[in-house]
């Protein structure tokens, strides 16, 4: 499933991680000091982070200058020992960010806490030096990162915006993880049929979708909950985390699936719903559905890729989807982008601005 052309806003931490995985970052940032950070004792170059997990942390920069290399550490380890973060996971996290300009001076630039609009990060798309502090830690862990100033010339060469002065600091609270081959709980109440495709799924396997032979597709959009979830209703503007498979009605052939993507088999997809980022049939069929549901969607061409599907390189005709709605996550209101404010404690700390939409964007 292709996202529409409209951009999805992402919080600066996600942008920073994306930038950090490209050559615009000097190699000497990636030092043993970062890679060997003791997870039991926070590197003393990092600011002091306090407060309860799940609430916006207090970050104290007093008496400390921005480090000139990338440093991270675990502030608080979660207690979910049976729910460990893996390298291919999607993780849901609250984040607060600061621009650390000089000794004891920092300005808050981002926070997801007040709006309850966490970000979604695909760890499988990040380099190991960025995920090392997260992998094999339990959900409920709090992590702090410090990124040194980016080289302006290298940023320009990579087409990145001119970097702000000073180091960037991000504190993340890992709220949830979504692992490979994760599906909604429960057994199917229905397998479809009665003129619609039938769906069989065993355990965590990819669903088997069978389109009825010698049957014309319905002219109108059809939806059916194969498993009725008991979570909240999906709202337009939320970020969805889903597993899905899509086949064409005219030949029953699969054209896309989270289960069969090379190098990321079974990794859920994330996208913004109800905002034109996906085909109209998904916006229409998933908004109002309950989290925890397995949905069968039969989408006519006018709500899929229309008459120009072939020119777009997209699947033609009526499309059939089976979608597991693993979660729906709030996004920061669009008008709040860049309007948040806050303080970092320490000599000379002040107010800054920034806020972010956590809309993730797989080609889902």
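For all residues, glycine too, the Cβ spot is worked out from N, Cα and C.
Segment annotation: TrEMBL labels region 'Disordered' over residues 182-216 (candidates 182-216, 217-251, 252-286). From the options 295-329, 330-364, the stretch TrEMBL describes as region 'Disordered' is 330-364. With a cut-off of 8 Å between Cβ atoms, the residues of this chain six or more beyond the region 'Disordered' (182-216) that come close are 222, 224-229, 243, 245, 247, 249, 252, 254, 257, 259-260, 266, 268, 292-294, 296, 298, 320, 322, 324-326. Assigned with DSSP, the residues of the domain 'PPIase FKBP-type' (237-329) fall into helix, strand and coil as follows: 17 helix, 36 strand, 40 coil.
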